[in-house]
Amino acid sequence: LRSDFLLGPERYNKLIRPAVNKSQQVTIGIKVSLAQLISVNEREQIMTTNVWLTQEWTDYRLVWDPNEYEGIKKLRIPSQHIWLPDIVLYNNADGVYEVSFYCNAVVSNTGDIFWLPPAIYKSACAIEVRNFPFDQQNCTLKFRSWTYDRTELDLVLTSDFASRDDYTPSGEWDIVSLPGRKNEDPNDLTYLDITYDFVIKRKPLFYTINLIIPCVLITSLAILVFYLPSDCGEKVTLCMSVLLALTVFLLLISKIVPPTSLAVPLIGKYLMFTMVLVTFSIVTSVCVLNVHHRSPSTHYMPEWVKCVFLHKLPAFLLMRRPGRSNVRERFRRKHQRKSFSSHQDGDSFFLTDDPGRVCGAWRVGDLPEGSEFRQRVKVRHDQDVDEAIDGVRFIAEHMKIEDDDEGIIEDWKYVAMVIDRLFLWIFILVCVVGTLGLFVQPLFQSYNTPVAEEVYGDF
């Protein structure tokens, strides 16, 4: 039947399209069945798919009467022996336009031909990186005849959506919908193609675990910079370590997403946001260290600084400055009492023996008036006491100056602590608001926005 009747050279030529005359169109029914979504290369912007390209048409030359051939109604004929429509993938990315395997074609006695060749296509796909890794892509497969135009071949969709009956799920992508459409150009009557839209949504778990969560944890370490005491000397070191870690993650992102200037990926925006925050923390840490190590000999504390950073801001930030220690306060009160007593008893003197032991103490006024001993004691007393008082006053003034300087130094340290606490709350607020502002909307759209079945098909 096949060799003697159907495919005889006197009645069949596989190079001629099956049309009765040159003006007749040959209708080709096309349907795509997705077997596997192999990969989506974001950097090269290529989607690799394993599909079955169903093609159906009628060849009037391959008609026979089943009663004459023992009731045979179908034949499996090698596709190389019959005319085939030259349907190719127009938007391929590797130069392979045709199918991978030329399987047999199923020919019915009515001339209807069913051909289902498998193919692995690498198609160009414009990757939208704006919401990466919570993104949704729309990659297309565009099919059309390579040599026949619309006046010779009419391409029709046998189904509005690509089939997923034999689809193997992907570990990285979810299939949202696979709608197909027929495209015609009103300005070009010869143009015709069949386009399938592969609407796919990324599964973000891998990138959430390996990129987003580590970035958030590393950024949270920058918060500790403002809680770290200035005396430890590691504030800037911690900031630089965090900034270096974020730079490494930024280099990893640059190797994944395509090098496009049309949009910045979401994870890239977050990394840049955190790097700006960490850089800001470095600047503030340097300023805080500068304030912390100030002294009265180098800087003067203005009154507005005392008012704002020593009184108003600590109360607003719920900070309470500890008072002076009890030991130091008792020492100051004792020193004040002794100074007062020295002024009240300025005319008293002590008598000591040779080893320096105190034998007694008298006031000059207690001695008899006009006695020689009183005159000598008074002269000696005036000279020694004046020298002692001058020395004590010098020491007291020196201690008072040191105490005042130490108090001013403590005030500068407290100002630095208040600035640290202020920027700590600012950093936490900006970090939380910025993170939620960047991720909540794409995450909400990715998981909670339903896709209409009548528009996008089954999912």
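Glycine residues also receive a Cβ, built from the backbone N, Cα and C atoms like all the rest.
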Exercise for the section: State, for Y121 and W304, whether Swiss-Prot gives them the same topological domain name and hence the same side of the membrane. Expected result: no
Practice task
Regarding the disulphide bond with C139, report which of C103, C125 Swiss-Prot records as its partner.
Solution key: C125
Handout entry: Neighbouring recorded positions, C-alpha within 10 angstroms of C125 (disulfide bond) - of V106, F114, N138
Key = N138
Handout entry: Per-residue Cβ crowding (10 Å cut-off), top of glycosylation sites N21, N138
Key = N138
Handout entry: Sparsest-packed of the listed recorded positions (V106, C125, C139) - C-beta count within 10 angstroms
Key = V106
Handout entry: Same-chain residues at least 6 apart in sequence whose Cβ lies under 8 Å from F114 (site 'Key residue for a rapid dissociation (K(off)) from the conotoxin BuIA')
Key = T54, Q55, E56, A105, V106, S108
Problem - Inter-residue Cα distance where the pair is N21 (N-linked glycosylation site) and N138 (N-linked glycosylation site), in Å - result: 40
Problem - Within the topological domain 'Cytoplasmic' (229-235), residues counted as helix, strand or coil by DSSP - result: 4 helix, 0 strand, 3 coil
